[in-house]
Amino acid sequence: MERPQKMPKVAKVKNKAPAEVQITAEQLLREAKERDLEILPPPPKQKISDPAELADYQQRKRKTFEDNLRKNRMVVSHWIKYAQWEEQQQEIQRARSIWERALDNEHRNVTLWLKYAEMEMKNKQVNHARNLWDRAVTIMPRVNQFWYKYTYMEEMLENVAGARQVFERWMEWQPEEQAWQTYVNFELRYKEIDRAREIYERFVYVHPDVKNWIKFARFEESHGFIHGSRRVFERAVEFFGDDYIEERLFIAFARFEEGQKEHDRARIIYKYALDHLPKDRTQELFKAYTKHEKKYGDRAGIEDVIVSKRKYQYEQEVAANPTNYDAWFDYLRLIEAEGDRDQIRETYERAISNVPPANEKNFWRRYIYLWINYALYEELEAEDAERTRQIYKTCLELIPHKQFTFSKLWLLYAQFEIRCKELQRARKALGLAIGMCPRDKLFRGYIDLEIQLREFERCRMLYEKFLEFGPENCVTWMKFAELENLLGDTDRARAIFELAVQQPRLDMPELLWKAYIDFEVALGETELARQLYERLLERTQHVKVWMSFAKFEMGLSHGDSGPDAELNVQLARRIYERANEMLRQLGDKESRVLLLEAWRDFERDASDSQEMQKVMDKMPRRIKKRQKIVSDNGVEEGWEEVFDYIFPEDEMARPNLKLLAAAKMWKTQKDNTVDDPPATAIASEPEPAADAAPADTTDSGD
């Protein structure tokens, strides 16, 4: 077995106190700097004094270079240093040989070709340099630096034809845009405008970019060829078509025309661009168009620009949120103002295609008005009745009538058919609407239509159908009775009112009873009206009913000699007395106060001071008292101050309570013995008052 290897023990530090002298980082750096080795002196310069020493020196250097190349032939810097050293020694042939060996070793190294050609040009070896550039561009035609150097050399040698020939060879490879621009600039330096134009003709098809077409057009303009520049812009618009065109081209085209004072042409270009470009790519175009119109346009032109800009904004809004119906309404109003029928219809079709995402009426309210406006436009502006009818039918088929409907739409459709003299279609549509979704508005609209047509039998049938669906609707009963009254059939109207008031459930019974009473009063049936008031009071004791009853009695006429004021006052006063007594029994203090105030005003108008004083004696006084606040859970939450009314009649009706309090006090005094001190009796005297106070408070709260 191998013995376990023993690890050296960690030396224990006996003294862990900090050293007295602390070493800083600055001190460490200073000591390291002081201990640096001294800089070696440069080697001595060697002076060569005769050809033998020179030959020996050259042999040693060449041997060093060759050794380096044998060690690593792939290091380009060794070749370059070797060739440049030979060039310094004026050994051009040797240097050329080294460059050739380097190219044989790595012929695709751009630096080698450039250095080699630079050496030939520096030593004025033009043919060698030309041959070298030919070889370079043949091997690597995509290296633009070779072509730039080659053409520059030929141009410096004033060999313009040779430089042009090199450019042509270069252009056959369809280089980048800068190369074409360099060729154009070369021709322009020698005033060869036609040649430059030919280069541009080829350039814009090799690199079909908008900016290159704009450069071509500006080239023509800068040399005075205005028609040529315009023709270039027109060709560019045709070349790109509607799919690939950009707003930059139209802006440049319009500014060109603006510079030539052709403002109408510029305006047409802007409008054409706005019509054919997608709306999300015309922001700068709008700005340029607006500036142009502000500088050169009239009021109509400026308004046209503003309208176009607003159309673009609305297009963005509806594209971002297709269910933004408010934006659709604004957009459609703008389109309708222009009057382009096809565009209006197309926009309406786009708008109505955005159906609300959920079958909830709140989402559909604004959407339905798109259909309504569409139908009204087709009827009133386009005057296309068949298309209008189809719009209404399509919309009605789209609405989920089992969940909700729109009565307004049914009625508009029926009214449209009436205007088209299609009465049967209108009735059929409304009948279908009532059968599918009986709504109050539908019934009333249908009834109003039949009343206008003087079809009263149909009105009766519709009212009967209406009341079958909603017998609790008081307005329907009132309208039905009003119709019969207008037709002179009072018995039928009275029977309708009787049926109405006998319904077990009504939404607004007070209006129905009032209408019934007004109906009888208008017929002069005073006794029947009084009976109706009595019947109504059997059902409710509301203070307003009593007040209305009193006013009714006050306004009656008795006999043929005119109104009997005294009799009316007595009848009305009797009603007030009955009402006061009834409300007192019910304990309705608030209503009782209202009644007494109305009674007081009545007596003031009657100018009867005696009766007026009686009423004033009945007026209550208002007091403030505290009562407990009890929550819905029955928990007491504190006290609050409330106002209450104390009526004199109620206080007079409390003798029994006062008698009970006095009897209790007498009993207390009797229970006290004769031996008790008087102070005890005196102390017990307030007890009945304390007992009576709660009784009074309780009574006042009843």
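Glycine too: its Cβ is placed from the backbone N, Cα and C atoms.
According to Swiss-Prot, the repeat 'HAT 1' annotation covers 56-88. Listed as Cβ neighbours of the repeat 'HAT 1' (56-88) (distance under 8 Å, sequence separation of 6 or more from its ends, same chain) are residues 46, 48, 94-95, 98-99, 101-102, 105-106, 109, 111-112, 115-116, 119, 123.
Residues or ranges marked as repeat 'HAT 2' in Swiss-Prot: 90-122. For the repeat 'HAT 2' (90-122), the residues of the chain that approach it from at least six positions outside its boundaries are 73-74, 76, 79-80, 82-84, 128-129, 132-133, 136, 139-140, 143, 145-146, 149, 153, judged by C-beta separation under 8 angstroms.
Confidence over the repeat 'HAT 3' (124-156), given as mean pLDDT on the 0 to 100 scale, stands at 94. Look at Swiss-Prot and you will find 124-156 tagged as repeat 'HAT 3'.
Residues or ranges marked as repeat 'HAT 4' in Swiss-Prot: 158-189. For the repeat 'HAT 4' (158-189), the DSSP counts in helix, strand and coil order read 25 helix, 0 strand, 7 coil.
Nonlocal intrachain contacts for the repeat 'HAT 5' (191-222), taken as residues 6+ away from its ends with a CB within less than 8 angstroms of a stretch CB, comprise 171, 174, 176-177, 180-181, 183-184, 228-230, 232-233, 235-236, 239-240, 246, 248-249, 252-253, 256, 259. The repeat 'HAT 5' annotation in Swiss-Prot covers 191-222.
Long-range contacts of the repeat 'HAT 6' (224-259) within the same chain, counting only residues at least 6 positions beyond its ends with a Cβ under 8 Å from a Cβ of the stretch, are 197, 204, 208, 210-211, 213-214, 216-218, 265-266, 269-270, 272-273, 276-277, 281-282, 284-285, 288-289, 292, 296. Feature annotation from Swiss-Prot assigns repeat 'HAT 6' to 224-259.
The repeat 'HAT 7' annotation in Swiss-Prot covers 261-295.
The repeat 'HAT 8' annotation in Swiss-Prot covers 305-337. Sequence-distant contacts of the repeat 'HAT 8' (305-337) (same chain, six or more residues past either end, CB-CB distance under 8 Å): 271, 274, 279-280, 282, 286, 289-290, 293, 297, 343-344, 347-348, 350-351, 354, 356-357, 363, 366-367, 369-370, 373, 377, 381.
Feature annotation from Swiss-Prot assigns repeat 'HAT 9' to 339-373. Break the repeat 'HAT 9' (339-373) down by DSSP state and the numbers are 25 helix, 0 strand, 10 coil.
Here Swiss-Prot flags 383-419 as repeat 'HAT 10'.
According to Swiss-Prot, the repeat 'HAT 11' annotation covers 454-486.
Under the heading repeat 'HAT 13', Swiss-Prot lists 524-555.
Taken from Swiss-Prot, the feature motif 'Nuclear localization signal' covers 620-628. Here the motif 'Nuclear localization signal' (620-628) has, by DSSP, the following mix of helix, strand and coil residues: 0 helix, 8 strand, 1 coil.
The region 'Disordered' feature in Swiss-Prot is assigned to 670-702.
Taken from Swiss-Prot, the feature compositional bias 'Low complexity' covers 683-702.
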Same-chain residues at least 6 beyond the ends of the repeat 'HAT 11' (454-486) whose Cβ lies under 8 Å from its Cβ atoms:
434, 438, 440, 443-444, 446-447, 492-494, 496-497, 499-500, 503, 505-509, 511-512, 515-516, 519
DSSP on the repeat 'HAT 1' (56-88): how many residues come out helix, how many strand, how many coil?
29 helix, 0 strand, 4 coil
